[in-house]
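Q: Quick one: the structure is below, and I'll ask about it shortly.
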Amino acid sequence: MSIKLGFYVFLIHSLLITSSLCNSCASKEEVVPSPEEGQCSQESVKQSFVTRFTECSLSPEVGEGPYFIEEDIIRSNIVEDRIGIRLNVTLNLVDFNTCKPIKGAKVYIWQPDYSGIYSGFMDKPRVKREKMYPKDPRRFLRGTQVTNENGTVTFETLFPGHYPGRTPHIHYRIHANGNVAHIGQIFFDESTSQVIQSKSPYNQVHSRRMKNEEDGEFTYFNGKKSIINIDPQSLSGDSLEGILNLAINPLHRSNLMWA
Ligand SMILES: *[C@@H]1O[C@H](CO)[C@@H](O)[C@H](O)[C@H]1NC(C)=O
Ligand SMILES: *[C@@H]1O[C@H](CO)[C@@H](O)[C@H](O)[C@H]1NC(C)=O
């Protein structure tokens with residue numbers, strides 16, 4: 001087991017201890033209810049190619065990684081000067097207890113460019129367990145949006161590149177009720193990744209692309225529940241359309257911050 005994964009296991013372990021302690025003291029704010037407690041309607045609203053929320057089981061969190069920068073860069077289009085395959089990411093947030101949209105939550109996303117580089121950390125620093133501070137002023141492929149009345153945010157971005165040890169992914173973090181309520185990563189199904197990696201500029205990157213099932217974070221955090229739904233029609237064009245529905249607990253306080 002890698003040191004990094006060990007660290008996550010430690011975090012998860014402390015999360016479990018915290019929530020069981022809190023269950024016994026019945027502090028409502030701290031308790032993370034189990035998905036079965038969610039009272040969710042079975043109604044669904046057709047939204048283009050995806051059916052919204054036929055169930056509201058709690059979406060899994062995924063570790064934050066070292067490259068988050070807490071700056072509110074409020075914008076939908078985060079591409080700047082980067083090249084790659086266009087990707088629109090829509091996230092629909094609902095409260096897993098009520099299945100109702102979460103309005104006014106702040107959603108951050110950040111991701112590497114096609115070559116695996118994150119803005120702010122373009123010199124590829126050695127990853128340490130403590131908090132990492134950005135070394136350069138670039139902020140491409142980072143942005144923040146506030147969910148609308150439907151609990152929705154949309155970002156215009158690019159398909160993310162890969163780098164050694166990780167499958168392609170996009171990070172996100174959700175602030176609600178003044179807390180870091182949910183931290184996650186967006187993944188892609190293998191067939192989508194295969195199509196994209198065969199295209200320029202992704203095919204010019206020579207490090208091997210790790211598959212989801214080989215990625216310790218994907219498997220540990222049940223990443224298949226964080227795979228974005230890509231419109232199959234968009235896959236044959238030159239820009240992708242993806243939707244991920246997230247059922248979260250807006251009163252949760254995430255323990256998955258890097259440091
Ligand atoms: C919310 O969804 C409804 C129904 O689909 C739609 O009519 C409305 O325009 C949406 N609101 C926003 C702000 O997009
Ligand atoms: C992505 O969003 C932009 C801006 O709304 C839009 O012009 C473009 O058509 C969208 N792309 C796809 C594939 O839907």
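Each position is counted from 1, following the chain as shown.
Glycine residues also receive a Cβ, built from the backbone N, Cα and C atoms like all the rest.
TrEMBL entries are annotated by machine, without manual review.
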Q: Quick one: which of TYR133, TYR163 does TrEMBL put in the Fe(3+) site with TYR118, HIS169, HIS171?
A: TYR163
Q: Counting distance between Cα atoms, which of the binding-site residues TYR163, HIS169, HIS171 is nearest CYS99 (disulfide bond)?
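A: Nearest by Cα distance to CYS99 (disulfide bond): HIS171.
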Q: Taking the centroid of the Cβ atoms of TYR118, TYR163, HIS169, HIS171 (Fe(3+) site), which other same-chain residues have Cβ within 8 Å of it?
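A: Checked against the 8 Å cutoff, the neighbours are GLY65, TYR67, TRP110, GLN111, PRO112, GLY116, PRO160, ARG166, ILE170.
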Q: Got a sec? Which of these binding-site residues, TYR118, TYR163, has the most Cβ atoms within 10 Å?
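A: Answer by Cβ density within 10 Å: TYR118.
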Q: Please tell me which one of the binding-site residues listed here (TYR118, TYR163, HIS171) sits closest to CYS56 (disulfide bond), measuring Cα to Cα?
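A: Closest by Cα distance to CYS56 (disulfide bond) among the binding-site residues TYR118, TYR163, HIS171: HIS171.
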Q: Might you list, by sequence position, any residue in that chain lying six or more from HIS171 (Fe(3+) binding site) with a Cβ less than 8 Å away from its Cβ?
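A: Residues satisfying the criterion: GLU64, GLY65, TYR67, PHE68, ILE109, TRP110, GLN111, GLY184, GLN185, ILE186.
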